[in-house]
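Trainee: The structure's right below; bear with me while I get my questions together.
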Amino acid sequence: MREALLYERLEDKKVKCNLCNHHCIIYPNHTGICGVRKNEEGILFSLVYGKVIAEHLDPIEKKPLYHFLPGSWSYSIATVGCNFRCSFCQNWEISQYPHLYGSIPGRQIPPKEIVKTAKSQNAKSISYTYTEPTIFFEFAYDCAKLAVKEGLKNVFVSNGYMTKDAIDYIKPYLHGINVDLKAFREEYYKKFCKAKLQPVLDNLKYLKNQGIWLEITTLIIPEENDDPSELRDLANFIKNELGPEVPWHISRFFPHYQLLDKPFTPEETLLRAYYIGKEAGLYYIYIGNVPGNQYENTYCPKCNHLIIERYGFRILKIDLKPD
């Protein structure tokens, strides 16, 4: 265990966690919503520090980040736990593990070993991913500091629910982030994620203003967040509040976890979302989980020249030219 960052002590040995926008008030011998931050006699501890449940060498495109060190490898790590309860989670076996099984598994690996392994595998970055990096913030922070000293970049793949204090704390060492903007309705976040939309929108603007490279992913679930008017509002938010240059990844849904009754997303739905984004004025829109489609590629927004050709997570060609 490691004492947590970003919390305050309250009366009767209660604590308030200020790491994410749940702002949990945690009683002694209890954990927060994430299940991995525990109050021990008035001191908040991270139960997952260094307890790595997943580690892989991934293409950076898998995050997905298409405009950040394209074609490079990213050493990717996670612990168990999450501050969301997404009923469609693709990684529910590890994100919901503390709630499902009541324990904290993982292989103990110190930050210096994480960085050493990343370098030995010729990674250009370390990605904190698979679950929510906010909930293993202390471990990610220590890894990120060492990574910068060794010339590596750091990437979060996040639900965007951290506090601004957390962003300020990590931003000297955080270079890129992909945020899941799961929908554009509060009811959706409440129903499927047990969270709120507005803090995510506020953080997207804040992250962009801090100069951290930002890309956005939306998983399109049939009959839940595929309404054209909602997608239009979402695309307009990206264009007007973040900028037309911010990449938007539209991902295909496959039935998973508690949403096994939903069909996978039809390609025509993804294409409709793509053209809604284009009509809103977004420069870079990508369709994910459909390998081999032309909408995986990067085109110049001015002349439509093919800049990066992709197949799935593989880059087939890069053809950068002057204006």
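Using N, Cα and C of the backbone, Cβ positions are placed for all residues, glycine too.
Take a look at what TrEMBL says about it:
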- Cys82, Cys86, Cys89: [4Fe-4S] cluster binding site (BINDING)
- 67-279: domain 'Radical SAM core' (DOMAIN)
Trainee: So which of the binding-site residues is most packed in, judged by how many other Cβ atoms lie within 10 Å of its Cβ, out of Cys82, Cys86, Cys89?
Mentor: Cys82
Trainee: Can you list, in sequence order, the residues of the same chain other than Cys82, Cys86, Cys89 whose CB lies within 8 Å of the CB centroid of the [4Fe-4S] cluster site?
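Mentor: In sequence order, the nearby non-listed residues are Phe84, Arg85, Ser87, Phe88, Asn91, Trp92, Ser95, Gln96, Thr131, Glu132, Asn159, Cys193, Tyr257.
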Trainee: Mean pLDDT for the domain 'Radical SAM core' (67-279), as a whole number?
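Mentor: Residues in the domain 'Radical SAM core' (67-279) carry a mean pLDDT of 98 in this prediction.
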